[in-house]
Amino acid sequence: MNSKAQKMELNDGHSIPVLGFGTYATEEHLKKKSMDSTKVAIDVGFRHIDCSHFYQNEEEVGQAIRSKIEDGTVKREDIFYTSKLWSTSHRPELVRPSLESSLRKLNLDYVDLYLIHFPVSLKAMEKCKDAGLAKSIGVSNFNRRQLEMILNKPGLKYKPVCNQVECHLYLNQSKLLDYCKMNDIILVAYGALGTQRYKTCVNEDTPVLLDDPVLCAIARKYKRTPALIALRYQLQRGIVVLAKSFNEERIRENMQAFDFQLASDDMKILDGLNRNFRYFPADMFNAHPSFPFFDEY
């Protein structure tokens, strides 16, 4: 099947490509590379681009998308673009101006998905959807309790279409995934390859996911890289997965996640690697009234 055609339907009738291209960059020089890597990603078949105001590279990512529209590679409607509302703009009166600012930087008329980056009120987000500035709205880094609070809110106009969370072989989020499926909310995985060991997030002695001996053994069995096995694992669980790279060869390789299938026995072995380990503890937000976000699945 053509990988570009692989999508999952959202609870509001729109659909999301199951493999997305992540654009987060911590280093200044990598932000500059965002434009080139996003162009490569679109060229090799990625149609789902995940960015955020917080990443401070929306301008570069937007330029990449525009250039690929202008050269005829894609139309705007072929691209599924996700942006996120950062936690400094959660006051209702700041939500729409924040999205409009992102749209100006991107030079786009709308985003396909707008996420609350951390738990706050959904009301102002609903207005952005009504105004056509965002086709769909969802949440990021919500645990089950926080999802329940939103879903049980009187007068909820739109159920969030997805919950984007850290999710990988060492943190497989199986309980949260079951809860989301039960409520017709798609789980979107970031950090699916472990992490690129950002100094701001990660201790030097944290385990390197892609060096895991069990994962590497399965990779050898399928004659694939450990990264492809880690991506394929999530796709087979019904998760939308984000893959991030600034390396052209790896960006191309990540699209091969559609070219093979993992046997159910191997899926069970990979399930067994879960150790509830987080690469992104987010304790920089411990002053936030909803912290800890991860106190329960």
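Cβ from N, Cα, C; glycine included.
Heads up, TrEMBL stuff is auto-annotated, nobody curated it.
As recorded in TrEMBL, the features of this protein are as follows:
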DOMAIN    19-274  domain 'NADP-dependent oxidoreductase'
ACT_SITE  TYR55  active site, proton donor
SITE      LYS84  site 'Lowers pKa of active site Tyr'
BINDING   HIS117  substrate binding site
Key: the residue listed as 'active site, proton donor': tally of other CB atoms within 10 A of its CB   = 20
Message = Between LYS84 (site 'Lowers pKa of active site Tyr') and TYR55 (active site, proton donor), how many Å separate their Cα atoms?
response = 10
Message = Return the count of C-beta atoms lying within 10 angstroms of the C-beta of LYS84 (site 'Lowers pKa of active site Tyr'), excluding that atom itself.
response = 25
